[in-house]
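Colleague: Got these off Swiss-Prot a minute ago, pasting:
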- CYS49-CYS115: disulfide bond (DISULFID)
- CYS161-CYS215: disulfide bond (DISULFID)
- 33-131: domain 'Ig-like V-type' (DOMAIN)
- 144-225: domain 'Ig-like C2-type' (DOMAIN)
- ASN52: N-linked glycosylation site (CARBOHYD)
- ASN88: N-linked glycosylation site (CARBOHYD)
- ASN97: N-linked glycosylation site (CARBOHYD)
- ASN122: N-linked glycosylation site (CARBOHYD)
- ASN185: N-linked glycosylation site (CARBOHYD)
- ASN206: N-linked glycosylation site (CARBOHYD)
- ASN210: N-linked glycosylation site (CARBOHYD)
- 1-32: signal peptide (SIGNAL)
- 33-243: topological domain 'Extracellular' (TOPO_DOM)
- 265-299: topological domain 'Cytoplasmic' (TOPO_DOM)
- 244-264: transmembrane segment (TRANSMEM)
Amino acid sequence: MGHTLRPGTPLPRCLHLKLCLLLALAGLHFSSGISQVTKSVKEMAALSCDYNISIDELARMRIYWQKDQQMVLSIISGQVEVWPEYKNRTFPDIINNLSLMILALRLSDKGTYTCVVQKNENGSFRREHLTSVTLSIRADFPVPSITDIGHPDPNVKRIRCSASGGFPEPRLAWMEDGEELNAVNTTVDQDLDTELYSVSSELDFNVTNNHSIVCLIKYGELSVSQIFPWSKPKQEPPIDQLPFWVIIPVSGALVLTAVVLYCLACRHVARWKRTRRNEETVGTERLSPIYLGSAQSSG
């Protein structure tokens with residue numbers, strides 16, 4: 001036979017315990033929600049444990065940071081221990097929500113990190129707090145660089161496009177007017193330590209035409225590109241193809257120059273002849289004998 005509780009009647013002890021347990025589980029659920037942090041390679045990440053603690057409380061607490069069930073860092077009785085993979089680049093920020101600080105991020109650092117806080121009560125440690133943080137690592141390729149590497153033939157130029165330091169594996173394509181061009185010497189390399197990729201490719205094109213060539217690098221859902229513009233060299237037209245308004249002044253200038261040069265030459269020749277004639281006259285006068293006929297007859 002069922003019983004009905006009157007208003008104001010206190011709940012049985014078992015119901016109190018059930019309610020307390022439900023509230024505790026609800027609190028644990030909300031405190032263990034997974035937050036997201038996204039950073040780039042070589043940057044610093046701060047993963048918050050979302051739990052405030054004073055320096056004086058450290059002696060009675062145990063704090064564990066682990067990644068995918070593997071230990072990263074622990075604080076026991078105030079002593080910090082860092083596991084080998086994270087040494088010299090990982091430390092706790094105790095006064096800032098027990099955050100885990102990771103320097104010089106690597107691709108291998110991506111994953112879910114869990115912070116566990118245990119408190120000493122009556123000689124035994126029980127879990128006081130639990131939270132998780134998912135760390136995503138981006139490795140973006142920079143804008144590729146395009147360099148001139150020579151002329152395989154007189155009318156052919158070769159260029160190279162390259163970029164490094166990105167992830168995941170890239171694909172490089174040369175494009176012009178929406179169509180992919182035929183590349184040469186395309187290489188993709190991955191650094192075994194950092195897992196980052198490098199890519200380079202070369203392209204030959206005819207220098208007698210204008211071009212707007214695009215080097216496109218796709219990696220995952222992202223892409224970067226660089227444009228290489230080329231204008232064909234300007235050639236001077238033959239003289240017989242010059243427009244008349246250019247030919248007439250040029251021809252007039254040439255004729256005028258020729259006339260001036262001819263006049264100067266004639267003037268120079270005339271002056272030279274006159275000088276020569278004067279020199280000959282002076283020489284003749286010096287060589288002629290003195291006439292003495294009248295003097296001899298008078299004797």
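Each residue, glycine too, has its Cβ placed from N, Cα and C.
Mind running through what each feature is packed against?
Modeller: Mapped onto three states, the DSSP output places CYS115 (disulfide bond) in strand. Annotation for CYS115 (disulfide bond): same-chain Cβ neighbours under 8 Å, separated by at least 6 residues, are LEU47, CYS49, ASP50, TYR51, ILE63, TYR64, TRP65, LEU98, LEU100, HIS129, LEU130, THR131, SER132, VAL133.
Counting only same-chain residues six or more apart in sequence, the Cβ atoms lying under 8 angstroms from the Cβ of CYS161 (disulfide bond) belong to PRO144, SER145, ILE146, LEU172, TRP174, SER200, SER201, GLU202, LEU203, CYS215, ILE217, GLN226, PHE228. In three-state terms derived from DSSP, CYS161 (disulfide bond) belongs to an extended strand segment.
This prediction places the mean pLDDT of the domain 'Ig-like V-type' (33-131) at 93.
The Cβ of ASN52 (N-linked glycosylation site) has ASN97, LEU98 as same-chain neighbours under 8 Å, each 6 or more residues away in sequence.
ASN88 (N-linked glycosylation site) falls outside any helix or strand according to DSSP and counts as coil.
Residue environment of ASN97 (N-linked glycosylation site) contains 17 other Cβ atoms, counted within 10 Å of its Cβ in all protein chains.
In sequence order, no residues are near ASN122 (N-linked glycosylation site), counting only same-chain partners six or more apart with C-beta under 8 A.
DSSP gives ASN185 (N-linked glycosylation site) a strand state.
Other C-beta atoms found within 10 angstroms of the C-beta of ASN206 (N-linked glycosylation site) number 12, with every protein chain shown included.
Every protein chain shown contributes to the tally, and the Cβ of ASN210 (N-linked glycosylation site) ends up with 9 other Cβ atoms within 10 Å.
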Colleague: At the level of the C-alpha atoms, what whole-angstrom distance separates ASN206 (N-linked glycosylation site) and ASN88 (N-linked glycosylation site)?
Modeller: 54
